[in-house]
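Shown next, in structure tokens, is the structure this report addresses.
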């Protein structure tokens, strides 16, 4: 009997080795994977090889790729070997419903199922497509769409005493929010919306295609709304600061004129909204699709068939995480309490002083003194 057990064990070991040998013989192919994940508890998407202190989404992904037999173990240690590239480096705590990574893998049978078997349930591979050998998901991406889910009490005016669960966004405030968000459309210098970029750095100029806030809805007794933004590319913290500034204006902490000022050369204090509600929704490959999408060899990088799976994942993992974390940790409410600390006029002080001086001199000259003394 014991011998029988041993023989079975040896047989299963031999089967595994055979499967591994078969995998090794498979040619490597360039593919893209459609990923969805809840980013809570992770230090962003991008892996820091050699630093196990901060866990990232890619740590879990690479581990699953190795364990499923898609890539050899040494490729996990040196990601260049598999030509790995992610489309967007999401920040700490940020989720994704439509992240795309490109890499070379062995196309094993039931590949998606095998990778997902080695991933936690809050990270899923929802789709796979073959792409051209030189494809790079970061360089070939024309645009990225993000959403930001926030409780609407964030837009309540600072002088109004608001009970968070009872607050409901009125039509007039929503229209004002959308008017401000629309100001971001077009090309602007966003050096004040990220760190370590000066006003003359050409890479601080970014093109925004659309930005708007949708109709509010109630979840767990709290009213939420979703802001959608589509742009060519975004810098670190840029979207959170774009939203943070609009909240500061709507709440009455900053004048509307601060938006124009923030795109100028002077340094402006722009508050950064919490990372919790930010989700990478979709990445766009219009140019690639036009060139290769219908060449008979490659499929266009569109995911209409996966849309239902994406929607289910968001309902199951992303939205509940945002709503429950907001209720438990009050990240938006706590952040709103920091807004009075920001100095929204610091860089305009000099301008005001100059205005006052010129006003005094014009008074002396007998003028009516109607100088523009606004921010």
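The backbone N, Cα and C atoms fix where each Cβ goes, glycine too.
TrEMBL lists 1-24 (among others) with the feature region 'Disordered'.
Annotation source TrEMBL lists active site, nucleophile at 91. Sequence-distant contacts of residue 91 (active site, nucleophile), defined by Cβ-Cβ distance under 8 angstroms and a gap of at least six in the same chain, are 44, 236, 237, 240, 275, 278.
Counting only same-chain residues at least 6 apart in sequence, those with a Cβ under 8 Å from the Cβ of residue 146 (substrate binding site) are 228, 229, 230, 234, 239, 278, 279, 280, 281. According to TrEMBL, the feature substrate binding site maps to 146.
Among the features that TrEMBL reports, domain 'Pseudouridine synthase I TruA alpha/beta' is placed at 184-286.
If you look up TrEMBL, you'll see 352-375 (among others) marked as region 'Disordered'.
Sorting each residue of the domain 'Pseudouridine synthase I TruA alpha/beta' (184-286) by its DSSP state yields 25 helix, 33 strand, 45 coil. In the predicted model, the domain 'Pseudouridine synthase I TruA alpha/beta' (184-286) shows an average pLDDT of 96.
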